[in-house]
Ligand code: IDP
Ligand code: MG
């Protein structure tokens, strides 16, 4: 399994509800490595680019308004298979259908307030990381206990 990077964001509802530590902890405890982290209130251009794939959907304007409504905690996480694994940790888009034990399954009830975003594929991860972060905001590092996380 190759090492990958993915873009994860705690949306304004997660920040407002004081869930930053709780959400961060789940990725950290799983064994992934944090390589980028910042808090940013997105402008419309950033939010529209990020959700560009949903431009024609009826909820697009409300979604952009919501994402721009307050601070977002933007992160890049690295690790073996992290893109798909992060989506599993996050859970289904509709929180009432998300499995208990997932972030959305445990912490949210409304599709429009589902607390966290995660890239859905390698191409979207690369696009979203480049959109939210400059290269020099990302840290290449290896945890001191790496051999206790992955074999060889
Ligand atoms: P994802 O966040 O699980 O990848 P997407 O289908 O990519 O889900 O949708 C992006 C975001 O748009 C969702 O997380 C949710 O906040 C919002 N969204 C998606 N579908 C709806 C909807 O039908 N009504 C309201 N908001 C929606
Ligand atoms: Mg998506």
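Yeah, the Cβs are placed from backbone N, Cα and C, and that goes for glycine too.
Listed in TrEMBL for this protein:
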- 117: active site, pros-phosphohistidine intermediate (ACT_SITE)
- 11, 59, 87, 93, 104, 114: ATP binding site (BINDING)
- 3-140: domain 'Nucleoside diphosphate kinase-like' (DOMAIN)
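Across the domain 'Nucleoside diphosphate kinase-like' (3-140), the prediction's mean pLDDT works out to 98. Over all protein chains present, the Cβ of residue 11 (ATP binding site) has 24 other Cβ atoms lying within 10 Å. In this structure, the CA atom of residue 117 (active site, pros-phosphohistidine intermediate) is 7 Å away from the CA atom of residue 11 (ATP binding site). DSSP places the residues of the domain 'Nucleoside diphosphate kinase-like' (3-140) in helix, strand and coil in these numbers: 65 helix, 32 strand, 41 coil. Between the candidate recorded positions, 104, 117, the densest Cβ environment within 10 Å is the one around 104. Each of the binding-site residues 93, 114 was scored by the number of other CB atoms within 10 Å of its CB, and the largest score is that of 114. Among the binding-site residues 11, 93, 114, residues whose Cβ is positioned under 6 Å from ligand 1 are identified as 93, 114. In sequence order, 112 constitute the residues six or more apart from residue 59 (ATP binding site) in its chain with CB-CB distances below 8 Å.
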